[in-house]
Amino acid sequence: MTTITITRPDDWHIHLRDGAQLKDTVRDISRYMGRAIVMPNLVPPAIDTETALAYYDRIKAQVPAGSQFEPLMVLYLTDKTSPDEIRRAKASGKIVAAKLYPAGATTNSDSGVTDVKNIYPVLQAMQEVGMLFLVHGEVTDSAIDIFDRERVFIENTLSKIVADFPALKIVLEHITTKNAVDFVTQASDNVAATITAHHLLYNRNHMLAGGIRPHFYCLPILKRNTHQQALLGAAASGSKKFFLGTDSAPHAKDKKEAACGCAGSYTAHAAIELYAEAFESVNALDKLEAFASFNGPDFYNLPRNSDTITLVKKSWDVPATYPLGDTNVVPIRAGEAIDWQVE
């Protein structure tokens, strides 16, 4: 197969950053994505409706002329988030979800939730108004090995939330383990997951064997090949529970290539192209459209996009860097080829 036409896809998890960087991140993701769930972990984070809506306006101001790209906003949950704030956010019409960052789990998560029981009244309000609950599913206990933090979170925390709030729609984001695949598969239809392109294409050997490659360092961290294969199986299974979320997370080159580098991989420059490679690797290009264009909007109760994009099997070389505000970002596959491109 050398050409594929699919319904315009959406990205159900992205970091666009803010300030001078917005112009570059929005340019990249709006090339062919119809919508994107925009993460709220700014500095300071988008912890209330007013802040999230102001961020929406800043993003929209950077959408290139002629693009119909629409950002979907997310509230950043803290120990102090109130049920009333959830109702305000829902009423805004622009904020479609609220996000759990366990305090300290990832970039700019220090304001996050210290104990999930602190937000139980908020989860009840979300269940009542129909707001989605997005979860960074890792524990932050320093005694837990970094490769086990997703599994332990599912066993100790997420399983209880799912049981206590059966009507709450939950997205376990950027899953990285067979444990997560199995949990989501066996859970009710109210539980779904996003999967990144880099977790489908790479495992921890790519990051650590033969030298440390910091641009593969992200959270949750890349796992064993057996987990990578489980993710590929889930994405290509045709299950409606799994959909596209790039978790594209830009950091300046010098912040990644450092003694203590930041977590995050940049894929917005070639998101659907990288997913096409992943699906082709398991002979499942016929399943790409549902994963990229149908399952996400269906789970969010939003209309599917009505137009299409066409992918062509034509190799191209990725630049060594892309502009990122007043600095540069090194993208995934920098200086190497990608097999597919959007026509």
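The backbone N, Cα and C atoms fix where each Cβ goes, and this holds for glycine too.
Of the listed candidates (ASP164, ASP182, ASP189, ASP247), Swiss-Prot assigns ASP247 to the same Zn(2+) 1 site as HIS13, HIS15, LYS99. From the candidate list HIS136, HIS215, the residue Swiss-Prot records in the Zn(2+) 2 site shared with LYS99, HIS174 is HIS136. Take the substrate site that Swiss-Prot assigns to HIS15, LEU16, ARG17, ASN41, HIS136, LEU219, ALA263: the candidate from HIS227, HIS251, HIS269 listed for it is HIS251.
When the binding-site residues LEU16, LEU219, ALA263 are compared by the number of other C-beta atoms lying within 10 angstroms of their own C-beta, ALA263 comes out lowest. A 10 Å radius around the C-alpha of ASP247 (active site) takes in these binding-site residues out of HIS13, HIS15, ARG17, in sequence order: HIS13, HIS15. The Cβ neighbour count for HIS15 (Zn(2+) 1 binding site), using a 10 Å radius over every protein chain in view, is 25. Ranking the binding-site residues HIS13, HIS15, LYS99, HIS174 by Cα distance from HIS251 (substrate binding site) puts HIS15 first.
For LEU219 (substrate binding site), the spatially nearest entry among the binding-site residues HIS13, HIS15, LYS99, HIS174 is HIS174, judged by CA separation.
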